[in-house]
Amino acid sequence: MAENPSLENHRIKSFKNKGRDVETMRRHRNEVTVELRKNKRDEHLLKKRNVPQEESLEDSDVDADFKAQNVTLEAILQNATSDNPVVQLSAVQAARKLLSSDRNPPIDDLIKSGILPILVKCLERDDNPSLQFEAAWALTNIASGTSAQTQAVVQSNAVPLFLRLLRSPHQNVCEQAVWALGNIIGDGPQCRDYVISLGVVKPLLSFISPSIPITFLRNVTWVIVNLCRNKDPPPPMETVQEILPALCVLIYHTDINILVDTVWALSYLTDGGNEQIQMVIDSGVVPFLVPLLSHQEVKVQTAALRAVGNIVTGTDEQTQVVLNCDVLSHFPNLLSHPKEKINKEAVWFLSNITAGNQQQVQAVIDAGLIPMIIHQLAKGDFGTQKEAAWAISNLTISGRKDQVEYLVQQNVIPPFCNLLSVKDSQVVQVVLDGLKNILIMAGDEASTIAEIIEECGGLEKIEVLQQHENEDIYKLAFEIIDQYFSGDDIDEDPCLIPEATQGGTYNFDPTANLQTKEFNF
């Protein structure tokens, strides 16, 4: 933490008209990253998954097969309650095939037909594992639909039976039950906590062993991810404590799908507040997480960057745990990565380091990352520029004079000022805050900073912002103009007033108060 917390907070508040404090500076992923998060979930981590056809039949072939047999929902419903096990299995299988169609499976039609209680009843048939398997598959695909469709499965009292099937001696039945539970848990925190309350965690984790087939382990890991999802509310602390040792084992796995899901699970846990961050740290997984930032697979890097990024939204002490793992050595490559979204996440991470204490700010400087942040400020796409603006502005609050001076020497002001003309009010305010902090920190050298701002076109932009609709912005712009660009400096500085000679003429000293771009605050 800062050497004198009360002094540090006073300094922050004196610099920031908005009273931006450490909590504000350290930013969790918020609405500006919704698109990024959704893209990742769509690409890697679907909350719910439909089980496709086992056979290689096209949908049209399946439909034609049903039509040829004149199979109707009424017939399926009637035959699914038959006393003839062959007829019953065939009917449940027909329902499953309908639900496994890639194109618009008729989930609502089947729910309305009243088949759910029949399928749930089939889960009880320990004497007929094939029937249990087909019924579980059909219910899995119903639960892969909308929230209302998932709720229909839950309300049919299927969950206790799926949990019971986790102890089935037939592996395909176990695996199908795991898949079904994953879809139900993935519906949201209410379903997640309901399934947890019925005791899903221990039997689920018991499947993690060297002998488990890789496809089964992938499903188990995916369900663990869903257990870690959602932070409103986050999963129960006892559940997190149970899951973390399993994640510490799975992070060594050589299968990329399992590794990616494991790291995403950790990223969800670290997104749940400082208490959960501490639990992840205490598990000892961080030293194994950090090296994944340089993994050859981009999807592993992406997940790892999010996980460590969430950790550094915590306290200075929690942030230091990550820094102690030599995390900054991975950032030159991340900041120059061909994928823009990696650049953006990397700069977001660093913005939370520059929101830390002065030693942490110095670590970013010593790692040679400031010029790379400034490059992203100037050349990155807008989302990355926005994160870079936060990184710079945070440094102007947290940093010492010499650290802010270094920032200016790296020519931060021109690209910083360029962002004053964007439409995003938050970015404009962050930049104005940063510029004002630099001017305050410069003290007697403020006129040099003002000159740089004017030469790069920043003054003109600040003048325009005095007419901004946002009250905070126009007040801040006015204050900067009034204090540093008021035009009456000559009246205030006697050194600039020429001395009168005996002949009544004035003698100007050409060396008086000449400003240079080389300066020390």
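Backbone N, Cα and C atoms are what each Cβ position is placed from, and that goes for glycine too.
Annotation comment: Swiss-Prot describes A2 as N-acetylalanine, evidence class a large-scale study or a structure entry. Taken from Swiss-Prot, the feature motif 'Nuclear localization signal' covers 43-52. According to Swiss-Prot, the phosphoserine annotation covers S56, S60, on the basis of a large-scale study or a structure entry. If you look up Swiss-Prot, you'll see 107-149 marked as repeat 'ARM 2'. If you look up Swiss-Prot, you'll see 150-194 marked as repeat 'ARM 3'. Annotation source Swiss-Prot lists phosphotyrosine at Y484.
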Across the repeat 'ARM 3' (150-194), DSSP yields 34 helix, 0 strand, 11 coil
What number of additional C-beta atoms lies within 10 angstroms of the C-beta atom of the residue listed as 'phosphotyrosine'?
-> 21
Secondary structure composition of the repeat 'ARM 2' (107-149) [DSSP: H/G/I, E/B, coil] | 32 helix, 0 strand, 11 coil
